[in-house]
Amino acid sequence: MFNILVLATTNKGKLKEFKELLKDFPVEIRSLADFGPIPEVVEDGETFDDNAYKKAHFTAKVLGLPCIADDSGLAVEALGGAPGVYSARYAGDNASDAENSAKLLKEMEGVSNRKAAFHCVISIAVPSGPALTYEGTCQGELLTAPRGEDGFGYDPIFYYPELGKTFAELSMAEKNKVSHRGKAMAEMAAEFEQVLKWVKQRLTEAKPAKPEHEQFEHNDWSEEIMVREVK
């Protein structure tokens, strides 16, 4: 049980990237498809942090297994950080990636400031109590039209100047080295041995869930581990 990690996502693009990023980790990776139907998590948090925690903790509680989830999105400087947490449903609850991108490009017509950033928060949770979080950001620019055939989401219109390509023009290996999700996973990888120890300890203790949404600071592994409240 301690080395099982469930990927709490139904997004095929995220699932593919997570499996690639975790392929060399000493864990048995499961996806939601390995289990029976579970209730869908409503992503109604005000921050990426809120949504990542909610998805990971809810899924861990339902399955009784450690879960990893992320919430990520695109923040456009000229739009005050939009679409942000609404990135996946910017053009509507059931909008496709192409529809979301089309709406964003329409809103950016004639705008000279094309600065944008992808943000990712990864949360690792057990059935009760706090969770571990890792964050990553990738700066880039918005094009005026899609380029590239790979990736998902806003990848075809997100241009990464350092490589001279959109995310949709990068191989998965190239993207994972520089992307927001890749950077968050690199943080986790740097202390993965401690992550597994934390998971084992939390599952062994099986403490009741705390009444408030709390998370451990992942850089403190002492017995008196710090706790912060997520706003």
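Here the Cβ of each residue, glycine as well, is placed from N, Cα and C on the backbone.
These come from TrEMBL:
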- Asp71: active site, proton acceptor (ACT_SITE)
- Thr9, Thr10, Asn11, Lys12, Gly13, Lys14, Ser72, Phe152, Gly153, Tyr154, Asp155, Lys175, His180, Arg181: substrate binding site (BINDING)
- Asp71: Mg(2+) binding site (BINDING)
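Take the binding-site residues Gly13, Gly153: by the count of other Cβ atoms within 10 Å of each Cβ, the lowest one is Gly13. In this structure, of the binding-site residues Thr9, Asn11, Ser72, the smallest number of CB atoms within 10 A of the CB marks Asn11. On a Cα basis, the residue listed as 'active site, proton acceptor' lies 16 Å away from Asp155 (substrate binding site). According to DSSP, Ser72 (substrate binding site) sits within a strand segment. In sequence order, Ser72, Ala117, Phe118, His119, Cys120, Gly136, Thr137, Cys138 are the residues of the chain that are 6 or more apart from His180 (substrate binding site) and have a CB within less than 8 Å of its CB.
Between the CA atoms of Gly153 (substrate binding site) and the residue listed as 'active site, proton acceptor' there is a gap of 13 Å. For the pair Gly13 (substrate binding site) and the residue listed as 'active site, proton acceptor', the Cα-Cα distance reads 13 Å.
In the three-state DSSP assignment, the secondary structure recorded for Asp155 (substrate binding site) is helix.
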